[in-house]
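Contents: one structure, followed by commentary.
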Amino acid sequence: MASGFGIHGGKGRCYDTWMDFSECMSRCAEPGDCAALREDYFECLHHRKEYSRINRINKEKERRAALEKSGGKEEKSASQH
């Protein structure tokens, strides 16, 4: 990660993001000033936001497929409430 070497020996995929965050931390007055860069770095490492979005999209597709399969009955009854 912070060493700059990736799993295959080249530059790691998040190294540039880490360097931006590290540089910000070295010159900022408050650590909170670098919160956005920290968030970007952790997203690069773990992809949590990306996976959450993919899961929401898949759930919506499943919901729509279930609606189509039931003939839209659930949608009509939900809108009447």
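In case you wondered, yes, glycine gets a Cβ from its N, Cα and C as well.
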Cysteine paired with Cys34, where TrEMBL records a disulfide bond, from Cys24, Cys44:
Cys24
Of the residues Cys14, Cys28, which one does TrEMBL pair with Cys44 through a disulfide?
Cys14
Write down the Cα-Cα distance for Cys34 (disulfide bond) and Cys44 (disulfide bond), rounded and given in Å.
15
